[in-house]
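Now, the feature entries from TrEMBL:
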type: REGION; residues: A:1-20; note: region 'Disordered'
type: TRANSMEM; residues: A:29-55; note: transmembrane segment
type: TRANSMEM; residues: A:90-116; note: transmembrane segment
type: DOMAIN; residues: A:92-304; note: domain 'ABC transmembrane type-1'
type: TRANSMEM; residues: A:128-146; note: transmembrane segment
type: TRANSMEM; residues: A:173-198; note: transmembrane segment
type: TRANSMEM; residues: A:227-247; note: transmembrane segment
type: TRANSMEM; residues: A:286-305; note: transmembrane segment
Amino acid sequence: MTLQISETAPPRAEKTRRKAPKVPLREQLIGWLFIGPFGVVFLAFLVAPLVYALYLSLFRKALIGGTSFVLLDNYTKAFTDPSFLDGAWFVIRFSLVLIPVQMLISLAMALILDIVTSAFARFSRLMIFLPYAIPAVIGALMWGFLYSKNFGPLGDIFGLFGASAPDFLSNDLIFYGLLNIVTWQWAGYYMIILYAALQGIDPTLYEAARIDGASTWQITLRIKIPLITPALLLILVFALIGTLQFFNEPKILRDLAAGAIGPDFTPNMYAYQQAFGLANFNYGSAISFALGGVVFVCVYVFLFATRKRGSFLS
Amino acid sequence: MTAHIDVASRRRRPQRYLPLQVLLGFLLVYFLVPFWWVVVNSSKDAAGLFGGGNALWFSDNVDFIGNLQELFTHSGGIYARWLLNSTLYAVVGGVGATALAVLAGYGFAKYRFAGRRFSFAVLLGAVMVPATALVIPTFIMFSRLGLTNTIWAVILPSLLNPFGVYLMHVYVRDAVPDELLDAARVDGAGEVRSFLQVALPLMRPAMVTVLLLSIVATWNNYFLPLAMLSDNDLYPVTVGIGQWQGIASANNSGGTSLWSIIIMGSLVSVIPLIIAFLTLQRHWRGGLAIGSLK
């Protein structure tokens, strides 16, 4: 199983090119028939909405004068709109802190679980993965309860030490409150991906390294981590795409954290508010499209920059 | 693969790494605390919740059954309806997305056709398009077609799973040998038959994984149904509980009784997927590694 598309693709591509006229039409047709159903869904629910969003974003609806073509006005507006910019800045800051923390935790857990093979470790592996099966809405609610002054345990726990509990739903700490929720939700899933990659490493490599006098620590740093780089890059991309479109958790916590989370907290929440709160579909579409475009470009640039390390575009 | 050799070679070593096991214990507590809180507090009534007792232990009045009854009778039993809706969306959307991914992944991996490389590049690009960026334009499209506020508004967009196609492609490429398919063809099997009887059985591990991933994604989806649906009776459980939570937070004093059913509702809503993951462990554990191994 490999991610290296380019390593296998070029020879095949050459073959295709040389044989291109020889591939019988019937085989080509059957190939397209297999792709067809997905192709239809792809065109209808990915390409069409994207094109439509782009189209809508070029217009503006006014109470007087109706809908008018404004070209890029909506985008100029978005990229000078403090609500959009603050939201975008928040998710960028959030990703910059979240992704390293989350990756370190999931990598550490995967490495530990790769070494320790007790029944307890197997049980832990499953339990750490469990939050992945929890809807983000419910996960946010659960932590919202734990943070809450009304029914959370933080007051009691900090009370034992005579301290007052930190309020993770307040303006100052909501960043960390959300950071904790997202880490809790996804670290287990990433851990499983990394763990599976570690299990795929040929154990004779470790034996050989040990004979050469390598310590467990050296084996970890010099063999294990370099060999699972493709898996690390994969989860990094997942985390980046997921975080930039942050919506569910802040939306749910908004009701509990009065004041700390505005309706324009993240770009997605802002787009939602514009479209469904204010019926401003043109501007909402522009924000959606801008967000999608920014995420796409960020991830693409990242994958391009790391292609030598075996990411899935390589 | 090499997994069992790996374990066997390690089993020779005695139990050790005590500090790491202790560390794992702490991690376990962290990951399980929210579940524990929900289990404990779903047994309490409003007085137990707000009375200032220990938030991480049961109150004197443990009443799971009472809260369950209240949950399933509140607003004429709407919660059961939400659970059914979630199941419908997740199963139809998940099975549909998986079927499409299996066909397309197989097509990409085993056939040569004009435009194959281009389509595959587009597919990889699509993995990077954030799903939520599509919600608002899809909503406007659907509202033109009169599809909003119907089950199709949630099910149809859930059929799109580019990453699933990518996973199937990677898996089929390596797990289904061309020679086997050629042999089947030589023996006179048609394309459909060699796909159904030769390739499909070999694709099972990846199929279960893609199915689980799609079902989880649809079951857990919030933004899409929140945008598409306005009828209470069509809500999936995520949107329903989100709505209750909004009501309960809005009227802080009057809404206290709603909190105990929100907590019970959260607990009940996570049980189906937890059971699915625990029982299907054998299947998804290997499958989740597809696409990340070298």
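Positions of Cβ are set from backbone N, Cα and C atoms, glycine also.
In terms of C-beta pairs under 8 Å, the stretch of A:29-55, A:90-116, A:128-146, A:227-247, A:286-305 lying closest in packing to the transmembrane segment (A:173-198) is A:90-116.
Note: the stretches the transmembrane segment (A:29-55) and the transmembrane segment (A:286-305) are in contact (3+ CB pairs below 8 A, sequence gap of 6 or more). With a cut-off of 8 Å between Cβ atoms, the residues of this chain six or more beyond the transmembrane segment (A:90-116) that come close are 124-125, 128, 175, 178-179, 182-183, 186-188, 190-192, 194-195, 198-199, 216, 220, 224-225, 232, 235-236, 239-240, 243-244, 246, 265-267.
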